[in-house]
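Structure first, commentary second.
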Amino acid sequence: YLPQPQSRGAFLKQSGGWVESLILNEFLTSAPLTLGILQCCGWLSAQTVRTSVGMMGRRPAQWPMSHERVKRGWVWNQFFVVEEYTGTEPLYVGKIHSDSDEGDGSIKYTISGEGAGTVFIIDEVTGDIHATERLDREEKTFYTLRAQARDRQTDAPLEPESEFVIKVQDINDSEPKFLEGPYIGSVAELSPIGTSVMKVMASDADDPNYGSSARIVYSVLEGERFFTVDRQAGVIRTAVADLDRETQDRYELVVKATDMAGQMGGLSGSTTVTIVITDVNDNPPRFPQKMYQFSVSEGAAVGTSIGRVIATDADMGENTDMSYLIKDEEGGELFRVSTDGDTQEAVITIKKSLDFENKRTHNVVVEAVNKHVDPRFVDLGSFRDQTIMRVSVSDVDEPPIFIPPTGTIMEVQEDVHLGALVGIVTAKDPDMDNVPIRFSIDRNTDQEQIFNIDPVTGAITLGKILDRETAGWHNITVTAVEADNQSMASQTAVSIRILDVNDNPPELATPYEASICEDAKPGQLIHTISVVDRDEPQSGHRFYFTLAPEASNNRHFTLWDIKDNTAGIRTQRSGFNRREQNVYLLPILVVDSGPPALSSTGTLTIHVCGCDTDGAIQSCNATAYVMSAALSPGALIALLVCILILIVLVLLILTLKRHRKGQRMSEDEEDMRDNVIKYNDEGGGEQDTQAYDMSALRSLYDFPEVKNSDSGPDLHPVPQWIQNRVVGDGGPADFTVFKGYIRKKVEQADADLSVPPYDSFQTYAFEGSSSPALSLSSIRTLSTTSEQDFSYLSDWGPRFRQLAGYYAPAQPEEEGS
């Protein structure tokens with residue numbers, strides 16, 4: 001269809017007998033653009049004529065042409081319009097034409113779609129299409145429209161509506177842009193030449209499929225000494241191998257992107273690329289000084305920090321991590337070095353106590369070593385450094401030290417006399433002055449004051465008698481202080497072991513008892529005995545057994561020394577009779593090996609028992625043996641029943657006696673006097689017969705009113721029958737002794753808070769000698785017709801006030817009522 005590869009064309013197929021299209025041609029070789037007109041003539045209704053458009057200036061006769069027969073229908077290719085047209089007149093795009101158009105203006109051409117009527121306009125008569133606005137391919141690359149031929153009079157469509165496209169043809173009007181810039185990349189220092197750092201990329205808004213407007217190449221404008229960039233790919237690489245982070249840790253590059261493949265006239269854009277040089281461990285640690293001075297007191301505790309040093313490293317991050325160690329053996333014994341994880345400092349601490357008197361200056365060699373060594377840079381040198389720490393020890397006043405410092409063990413015999421030397425404690429002043437030492441015993445560890453110590457020499461002597469069997473060890477604490485400075489004190493433990501002497505005799509382990517059958521055979525082993533000894537001889541115990549002298553004539557048993565600190569008892573004869581003798585006491589003499597040899601006598605009790613045919617013991621009681629021989633089982637049961645009956649009878653008798661005793665006690669509690677005096681309220685008087693049994697207070701005796709005698713107001717009314725009594729020479733009775741006795745009792749009752757309540761009845765057993773009165777009780781003298789005046793009872797105090805109320809004469813109001 002196209003006569004030349006450089007041209008592009010659009011073709012129309014005849015439909016309904018008309019087609020004409022304007023073709024926009026562009027030549028890639030910077031040739032001017034040419035617009036042409038394609039005229040299709042309808043020779044036959046079934047024919048379609050296609051022709052290509054040549055360049056402007058070629059004659060139509062020179063255009064190549066081809067013909068072929070196809071079906072009817074619209075065949076549209078694209079129209080092209082150049083972008084960024086800057087002319088003043090509308091830009092001619094193309095032309096549509098129908099073969100039925102005879103040029104008389106009866107046909108009207110219309111377009112619709114994107115930009116129709118605004119961006120693109122059409123001449124209704126000629127069918128010419130023009131662009132009225134400046135187009136930008138970067139904003140919109142093509143427009144889709146529809147063409148229509150109509151009858152001008154009836155506006156009826158003469159041909160079906162068909163769609164066509166107008167493409168905006170690109171020109172190089174957009175420069176390359178780095179959309180992701182500025183860039184930041186990194187590369188390790190000392191990387192070899194050609195090491196890839198990063199990739200940059202620019203984009204061009206021009207059409208990449210047309211011409212070279214979007215073909216981009218890259219170059220370095222600044223920093224080309226250290227880095228290069230791939231022209232096509234945009235990959236940045238190192239140009240040198242000696243990039244050193246410690247010298248320069250970052251580089252600023254300017255990278256340019258140019259379109260048109262870098263040809264003259266191409267547009268360009270640039271961006272900034274920051275390249276950070278990352279660290280590698282290529283620098284060893286270094287101490288700023290070759291010697292450091294420190295001072296510490298000899299009294300500093302273990303673990304005390306002496307000082308800090310630090311080695312510097314030009315690297316960064318984990319490449320600066322380092323560890324420290326002490327290189328010399330002497331310094332490693334006295335000091336310890338550790339690394340502070342936060343500051344990377346070497347911390348020197350005391351590992352062992354320092355002694356000014358022993359050595360005053362210590363030179364400690366400390367080495368710093370990188371933890372993370374890169375094997376690629378081992379040939380650069382040793383990644384370690386050393387320094388010397390000179391530690392000066394200052395003198396302080398130290399407390400005394402004991403020799404030996406870990407405590408002392410002493411030994412002493414338990415039988416030594418008072419004041420005997422037990423041992424000597426030694427201590428000295430470690431300072432240069434070497435002041436005298438004074439010793440003492442901490443009495444909290446020797447509360448019984450068994451030991452004493454010489455304050456000057458440190459000699460420990462015995463203060464009390466020792467007994468190893470009571471306490472085999474004594475642990476005391478000895479204190480040593482400087483004579484002129486009591487605050488400088490130290491203590492040591494002294495353990496005193498009490499050595500044994502043979503001062504305790506051996507004894508039988510337990511009060512042994514043995515049993516034998518009556519039919520025992522001679523030589524039969526009936527028991528084995530052992531002994532205990534509180535002593536502990538160093539050579540061990542050895543005991544000797546024999547019968548006591550008083551049993552030397554014994555014909556019943558023999559003693560057999562087994563030689564292992566035990567002895568066996570054997571029978572010497574056959575047959576024993578427990579009715580004749582059921583218990584044998586066998587004294588045994590035990591002697592230890594000394595020295596000196598000590599002995600003791602123990603007794604073995606041997607019971608003679610009845611046994612069955614198998615030798616099993618049945619009974620060892622002689623009485624039970626006699627009873628079992630005389631009584632049958634039935635008789636024994638009857639005897640037990642009688643004993644139980646007697647016990648029951650005794651219990652019944654005791655129960656009856658207790659019951660009778662209880663009845664007597666209850667009768668005693670019902671004494672009239674107690675019933676009369678125990679009440680807690682005053683009651684309603686004689687008229688209140690429901691509250692109390694007033695008959696108990698009444699009497700058949702009359703109490704006529706008696707006037708006070710001439711002897712004074714101390715005489716109180718007494719019953720009439722008593723007043724008529726005379727004493728001795730016929731004069732009136734003398735009641736002075738009773739008045740004094742009663743007054744004394746009343747005062748005592750008033751002052752005694754433990755006596756019964758006020759409303760109570762006091763009983764007095766004393767009536768005086770030859771008293772004419774039968775009783776002092778007023779209960780028996782009460783009479784309804786009595787003229788006796790008992791008002792004086794009110795003067796006896798609050799205790800008799802209630803009683804006086806019962807005997808007071810009735811008031812007129814009460815009598816009237």
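Cβ atoms here come from the backbone N, Cα and C positions, even for glycine.
Quick look at what TrEMBL annotates:
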DOMAIN    98-178  domain 'Cadherin'
DOMAIN    179-287  domain 'Cadherin'
DOMAIN    288-402  domain 'Cadherin'
DOMAIN    404-508  domain 'Cadherin'
DOMAIN    508-625  domain 'Cadherin'
TRANSMEM  635-656  transmembrane segment
Secondary structure composition of the domain 'Cadherin' (404-508) [DSSP: H/G/I, E/B, coil]: 0 helix, 52 strand, 53 coil
Per-residue pLDDT averaged over the domain 'Cadherin' (508-625), given as an integer: 87
DSSP residue counts for the domain 'Cadherin' (288-402), split into helix, strand and coil: 16 helix, 51 strand, 48 coil
Counts of helix, strand and coil residues, the domain 'Cadherin' (179-287), according to DSSP: 3 helix, 45 strand, 61 coil
Residue distribution over DSSP helix, strand and coil in the domain 'Cadherin' (98-178): 0 helix, 35 strand, 46 coil
